[in-house]
Every structure is written in structure tokens, then in C-alpha cells.
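Colleague: So TrEMBL lists the following for this protein:
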| type | residues | note |
| --- | --- | --- |
| ACT_SITE | GLU160 | active site |
| BINDING | HIS159, HIS163, HIS169 | Zn(2+) binding site |
| DOMAIN | 45-259 | domain 'Peptidase M12A' |
| SIGNAL | 1-21 | signal peptide |
Amino acid sequence: MPRSIFLLVGSILFFSTLVNCGKRIQSDDSSLAIGGLESHGRVKRQMMNLATKWNGGQINYFFTGVFEPIEKNKLMLAAMEYISNRTCIKFVENQNANQRLNILLSRYDNFFMKRHLDLFFSAAGCDSKLGAPGTRSNPSGQEVLNYGGCRRMMSSGVHELSHSLGSIHEHARPDRDNYLIVNETEVRRSGGAAQMNTTPYGMTTLYVPFDHGSCMMYSNVMWGAPLMTTKDPAYERTLGHRRVTFYDMERINKFYNCGCAVNLECQNGGYTSPGDCKKCNCPSGYFGKLCNERRGFDSFELNATSTWQSKKIPFQYTFTGDNYGHFHSTYAYITAPANKEIEVKIDKMENITCMYGCNFAGIEVKTKEDKRITSPLLCCEDQTIAKKSFVSKNNPTIVELFSRDPTGPSAVTFSYRYVDPIRFG
Ligand SMILES: *[C@@H]1O[C@H](CO)[C@@H](O)[C@H](O)[C@H]1NC(C)=O
Ligand SMILES: *[C@@H]1O[C@H](CO)[C@@H](O)[C@H](O)[C@H]1NC(C)=O
Ligand SMILES: *[C@@H]1O[C@H](CO)[C@@H](O)[C@H](O)[C@H]1NC(C)=O
Ligand SMILES: *[C@@H]1O[C@H](CO)[C@@H](O)[C@H](O)[C@H]1NC(C)=O
């Protein structure tokens, strides 16, 4: 009982803080003016490169309104480290720089006010402008990133910093209608038109493929009522998820032309990390310098046979002192003989909160042949795919169990076997 009460409150706070995330990037006309969308004729060229970039890929930042030293600024620093570990973007604390980011943790200079207003739907705000301050011909000045009202998740920091670096929302990509069905009536009713318009500027389709699991995506129920659904029903719970994806980082690398002098022989879709050219950036589930290793701890090796075998895997988020607001993942690697496909059937989910975005805990059976992209996420018993089996050509097929649920352990039981590929005569 206490668990469900906690989760309900958690979900309310979760959605209420989401509401403000990124709103400013499109409601503030001055940010649109940065790109100079004067005429339609120029849109095509502007799609190449619209947002103002940070000079030398360096964000000069400083914190203001710091009243909760334990968490919010630590989460933001972790978000910066997450980005700088994987891209050529650098973060330097400097409030006198010509181009600078004021990370506002609270609008109130009174601890009591902040405590209460933050509880009531992120009065402190959670938004950022698109791209660096100034214009492309004169990139200078200060911009504010409101972080006080963001969810207590590392990835919320990555989301807002990505806006500042030039990333638009995933559901505003010009190609989103290939993947999403947006309810225009609900868009008008909720007043969210500016957020849902496709936006031909910033980092768009030119950089990485559309990813349902991107940390730049809103949830299906952003403003309460269903705002959008996925064309592929398997992805119905994936939108609004907040692990940061491989493509979320690759997009930044491409936009800022990050690269390394020497390219390593990265495996499984990885590429040489501009954050550390001595190793690769790897898709989730692949480890080691070249992305050809499996994780040696908190992981399971399973050999599929032609008959079903069952496995129960407990998994849990444990607070270790410096992972507050991060997801923790446990991996199962299912291997089959060559030329076989792997079938996985979810039998039972325990202590997994059902919600859009699967942001407490969930399961990702990595069936997509592009190992870099997010496969459909599961966290609800009634999900259309939950009772179905997944068939995957990936060998091994990785089952990732992720959690940031601090209230206790979860578990999933699944069956697996190998099958012959279906042949068409
Ligand atoms: C960044 O990389 C360092 C060195 O590999 C590692 O210790 C740290 O955990 C990484 N941090 C994040 C947030 O990825
Ligand atoms: C779209 O949204 C409107 C208003 O919220 C709602 O009445 C309608 O049923 C929705 N349509 C679909 C297809 O979900
Ligand atoms: C799976 O197969 C490999 C190679 O045949 C073997 O080394 C390993 O012990 C097996 N693992 C399990 C859990 O059966
Ligand atoms: C589910 O949660 C309860 C309460 O935290 C815990 O006692 C139980 O062991 C959990 N079950 C599993 C399978 O993790």
C-alpha cells in the first residue's frame, strides 16, 4: 500500500514537471528569430544548421539560486558529465564569459518559498532556449536555463542542456508524422500547438533517425489527455522515457562536427567517442573499449535451446551515493546457434509501475536490428505487446531491465528459445 501511494504521487509530480519542460524554446519568439525564419524559401538551407552554436563546443555556465546543494546542482553536474563523456562538448564554470548559461535552480531566494512553490507544479520552471545565446553572426550574451522545476532525474538535465546545444523535441521533428499520430483536436484544446508544431530548425532529421525512446520526446499524455499515439502500437509506452539514448548523444556530435583524429574499430554500431578518443561510444548493453564486451556484473548469460526455458531476473535500483536520479540496468544476453532467431516471451512482471514512459522500471527486449535505436519498452501488463513474444535476429539478443524506483526491488520472468527464421517461398 505505501508503495502505490508513493508511486501515485511520484507520477503526478513527474507529469506536472514535464509540462514545463522545454516550453520556452518555442513560445519565446526571440528564439525563433535566432534562426531567422524570414521566408519559406530559406527553410531548406536553414535545416542544415539553424540554432546558434556554443563557440568551440564549450558551454560556460554558472549556477544561481542554489538552495538545495545536495541534489539539483549535483544532478545537473552529472548531466554535464554524461554529455562531455560522450561528445566533444565541454562545460566550464565561468560567469564572466562572453557566451554563458545561467542555470537557475530557484526563482526564490527564500528556502521556505522555494520548498512550497517547487512542490506546486514546478513554479521554478524547467525550460531552456534553443541554441546558444546571441545570433550565429554574433554569438554572445547570457541565457537562462530554468532547472529548479525539473524532475529529479539526471536525464532532465540532459534534456534541457540539449535544447541549449540546439536540439529540438523529438516529436517536433519534421518527419514525426511517419511515426506518431498527433490528435490535433487535443493539441488545440490543450493550447500546446507551439510545442507540437514540426520545427524545421536546430538539430533535425539530417543528423540521426527518429527514436521513440529519445530523451527529447514528450509522453503520450503530456497535458493529461492522449495527445499522440504511436503508429507502431508496440511503442505505446515508450514515448517520454528518460534514459538518455545513443542517438541523443550522436545527434550532438554530428551537429557540432565532433570527431577524433584516429577512428577505432568499434563494434555493434559504436563509434569513436569524441569525449574520449581512446574508446568507443557504445549502444546500451555493449561494453568495453570497442563495444564488443558484455557487462561482467549484474548481468546474465543465457543459452537458448529449441525448447522454451524460463528465467526470473530480479533487478533493483540501489542508491550508491552518486547515482541519484539515474537509471540502473541489469542485462540478460541470450545466445543461440548461428542462423537461428531468438524468441522471448514475457511471462510475469512484478513491482513494475505501469505508466507512459516506463520511468520507474521496465523491460526492453532489444529486437531492433539497428542496435543503436530504442526497441519497444514494456512496463504494463495490459500492453498490447506484453503477452506477445518477440522474435529477434540479434544474436545475442539483449534483454535490458532498468529501474530508478527507490521503493524496492522488481522482477521479470520470461521464456526464451531459438527458432528457425521464417522463410517465404
Ligand atoms: C564519465 O566518465 C568517467 C571516466 O570513465 C566515469 O568515471 C564516470 O562515471 C562517467 N560519468 C557519466 C555520468 O557517464
Ligand atoms: C482527440 O482529442 C479530443 C479532445 O481531447 C477527443 O475528444 C478525441 O476523442 C480524441 N480523438 C482520438 C482519436 O483519440
Ligand atoms: C552457454 O554456452 C557456452 C558455449 O557453449 C558455454 O561456455 C556456457 O557455459 C553456457 N552457459 C550456460 C549458462 O549454460
Ligand atoms: C515487491 O515489492 C515488495 C515491497 O517492496 C517486496 O517485499 C517484494 O519482495 C517485491 N517483489 C519482488 C519480486 O521483487
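Backbone N, Cα and C atoms are what each Cβ position is placed from, and that goes for glycine too.
Are these features on the surface or tucked inside, and what are their neighbours?
Modeller: All protein chains shown were included, and the count of other CB atoms within 10 Å of the CB of GLU160 (active site) stands at 26.
In the structure as shown, the Cβ atom of HIS159 (Zn(2+) binding site) sits within 10 Å of 28 other Cβ atoms.
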Colleague: Taking just the CA atoms, what is the gap between GLU160 (active site) and HIS169 (Zn(2+) binding site) in Å?
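Modeller: Counting only the Cα atoms, the answer is 10 Å.
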